[in-house]
Amino acid sequence: MPTVDDVLEHVGEFGWFQKQAFLLLCLISASLAPIYVGIVFLGFTPDHHCRSPGVAELSQRCGWSPAEELNYTVPGLGSAGEASFLSQCMKYEVDWNQSTLDCVDPLSSLAANRSHLPLSPCEHGWVYDTPGSSIVTEFNLVCGDAWKVDLFQSCVNLGFFLGSLVVGYIADRFGRKLCLLVTTLVTSLSGVLTAVAPDYTSMLLFRLLQGMVSKGSWVSGYTLITEFVGSGYRRTTAILYQVAFTVGLVGLAGVAYAIPDWRWLQLAVSLPTFLFLLYYWFVPESPRWLLSQKRTTQAVRIMEQIAQKNRKVPPADLKMMCLEEDASERQSPSFADLFRTPSLRKHTLILMYLWFSCAVLYQGLIMHVGATGANLYLDFFYSSLVEFPAAFIILVTIDRIGRIYPIAASNLVAGAACLLMIFIPHELHWLNVTLACLGRMGATIVLQMVCLVNAELYPTFIRNLGMMVCSALCDLGGIFTPFMVFRLMEVWQALPLILFGVLGLTAGAVTLLLPETKGVALPETIEEAENLGRR
């Protein structure tokens with residue numbers, strides 16, 4: 001009886017049907033970018049200072065320039081150490097409406113040295129130096145409430161983590177196509193609700209909901225396209241599907257530049273995703289899943305449609321099509337199996353660390369560049385472009401050099417780049433951006449290649465479980481990353497880079513403890529997985 005791969009060899013492994021499905025599903029991959037790293041633009045924190053009643057009127061009466069107004073009325077400017085905190089979060093306890101204030105250094109009449117004037121926290125809001133808006137400027141998420149920006153991004157990653165526990169079951173139980181359509185609908189609705197949220201709390205809940213389903217939509221698309229194509233195209237298709245995410249990043253920079261208002265930006269990236277519901281008519285269910293559910297008639301009908309679109313003749317024994325029999329799949333996997341033997345224990349712990357560290361490096365570098373860059377949009381655009389050569393490096397090295405050395409080298413490059421950024425003076429901004437791009441390219445290579453290695457190190461019956469458990473550390477890393485970046489930057493702007501550097505260098509070292517899997521058959525049993533490094 002022919003298997004699905006046998007039939008695909010006759011009807012086309014990557015014909016017109018697969019190309020059309022690939023392009024359609026790549027749009028879903030691209031649409032995840034604004035959700036995953038949209039915080040860079042939605043949560044942008046511009047320069048700001050306390051709003052003091054009477055200052056605007058005094059400035060207008062005296063004809064001050066914006067620079068003069070700041071110099072005369074904002075504490076801490078030009079001083080070292082606490083300058084940022086004083087100028088952004090404190091104000092002079094001065095009645096700016098009194099008529100005795102002079103237009104030239106108005107505070108000189110109140111104190112010989114303005115540093116002796118009493119200060120108090122901002123009571124009347126803030127003035128933001130930006131033509132657009134973000135959740136920071138609308139909900140005043142600065143000073144004592146700055147941590148709420150971190151929480152906003154952490155909720156997305158918490159949603160990814162919670163969703164991964166449920167969406168996989170839905171896709172296996174009710175089908176890839178239904179899972180794709182349902183998660184896409186909820187992703188679109190929650191995106192729109194986030195844009196119209198009246199307060200911070202409701203916005204946070206909608207963002208959490210969007211995180212819970214959006215990654216499920218991405219994974220459903222990934223599963224569908226890899227199950228549509230023949231085995232010879234599966235790896236390349238999977239890598240290019242992730243490249244579509246990079247296209248989404250590049251496009252996001254342009255859209256965010258054109259739409260500086262955060263609510264309109266959120267609507268602009270959410271409303272088009274409703275069009276993915278049209279895939280109900282353009283993307284069929286996975287024949288592999290239908291066969292696993294004993295729905296052979298529907299699977300045969302879809303294979304006939306694939307053959308027709310690819311202008312191929314289906315095999316005569318198409319109706320006898322079946323899934324590959326695998327006795328090991330009938331075993332019951334358990335979490336303990338991931339730690340049952342010394343090698344599996346070592347592999348599981350190392351893979352967990354690799355997933356965690358590359359998530360922190362990838363998201364952390366994006367946020368750090370966004371928070372320190374001279375031009376938010378250009379810096380984000382340039383650093384996104386480096387993900388294209390990262391995909392090319394993967395395609396070139398994966399079957400020539402292997403997996404382990406490229407992953408180790410990429411981690412070491414990312415870690416070294418972060419540590420070097422500490423010593424670059426602020427005036428050499430271009431060099432800082434270049435090193436950040438180099439680090440991000442390394443993190444991208446690791447993020448994409450560790451998926452493959454994760455699957456190749458486990459025996460068949462715990463392969464999916466191993467992938468789910470280890471990759472969950474990626475989402476957990478994303479939960480903590482915003483706090484690592486923004487809170488540590490308050491202590492010292494380069495402090496997060498030290499953490500990234502240590503994580504990257506350590507990850508590069510422990511990667512070398514994994515066995516090379518290039519040209520090695522996938523292990524079927526625990527014994528084979530245990531002996532991987534001895535082959």
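Cβ from N, Cα, C; glycine included.
According to TrEMBL, the feature domain 'Major facilitator superfamily (MFS) profile' maps to 109-518.
Sequence annotations record features per position, and here TrEMBL assigns transmembrane segment to 21-44 (among others). Nonlocal intrachain contacts for the transmembrane segment (21-44), taken as residues 6+ away from its ends with a CB within less than 8 angstroms of a stretch CB, comprise 130, 134-136, 141, 149, 152-153, 156, 180, 184, 187, 191, 210-211, 214-215, 217-218, 221-222, 224-225, 228-229, 237, 240-242, 244-249, 251-252, 255-256, 262, 265-266, 269, 272-273, 276, 279, 282-283, 363, 366-367, 370, 376, 380, 482.
As annotated by TrEMBL, transmembrane segment applies to 151-171 (among others). Sequence-distant neighbours of the transmembrane segment (151-171) (same chain, 6+ residues past either end, Cβ-Cβ under 8 Å): 35-36, 39, 42-43, 135, 178-179, 182-183, 203-204, 207-216, 219-220, 223, 367, 464, 468, 471-472, 475-483.
As annotated by TrEMBL, transmembrane segment applies to 178-198 (among others).
Beyond the transmembrane segment (204-225), the same-chain residues lying 6 or more positions past its ends with a Cβ under 8 Å from any Cβ of the stretch are 18, 21-22, 25, 28-29, 32, 35, 151-152, 155-160, 162-164, 166-168, 170-171, 176-177, 179-180, 182-184, 186-187, 190-191, 193-194, 197, 237-238, 241, 245, 276, 283, 286. Here TrEMBL flags 204-225 (among others) as transmembrane segment.
What TrEMBL lists as transmembrane segment is 237-258 (among others).
The transmembrane segment annotation in TrEMBL covers 264-283 (among others).
Long-range neighbours of the transmembrane segment (349-368) within the same chain, counting only residues 6 or more positions beyond its ends whose Cβ lies under 8 Å from a Cβ of the stretch, are 36-37, 39-40, 153, 380, 383, 407, 411, 414-415, 418, 436, 439-440, 442-444, 446-447, 450, 453-454, 457, 466, 469-478, 480-482, 484-486, 489, 496-497, 499-500, 503-504, 506-507, 510-511, 513-514. Taken from TrEMBL, the feature transmembrane segment covers 349-368 (among others).
Positions annotated as transmembrane segment by TrEMBL: 380-398 (among others).
TrEMBL lists 405-424 (among others) with the feature transmembrane segment.
Beyond its flanks by at least six residues, the transmembrane segment (430-453) meets 235, 238-239, 242, 246, 351, 354-355, 358-359, 361-362, 365-366, 368-369, 372-373, 379, 382-383, 385-387, 389-391, 393-394, 398, 403-404, 406-407, 409-415, 417-418, 420-421, 424, 467, 471, 474, 500, 504, 507, 514, 517 of its own chain at Cβ-Cβ distances under 8 Å. Per TrEMBL, the feature transmembrane segment maps to 430-453 (among others).
TrEMBL lists 465-485 (among others) with the feature transmembrane segment. Within its own chain, the transmembrane segment (465-485) is flanked in space by residues 39, 147, 149-154, 156-158, 160-161, 164, 168, 333, 335, 337-338, 348, 351-353, 355-360, 363-364, 367-368, 371, 447, 451, 454-455, 457-458, 496, 499, which lie at least six positions past its ends and keep a Cβ under 8 Å from the stretch.
Under 8 Å from some Cβ of the transmembrane segment (491-514) lie the Cβ atoms of residues 346-347, 350-351, 353-354, 357-358, 360-361, 364-365, 368, 372, 404, 407-416, 418-419, 421-422, 439, 442-443, 446, 453, 457, 484-485, all in the same chain and six or more residues away from its ends. Taken from TrEMBL, the feature transmembrane segment covers 491-514 (among others).
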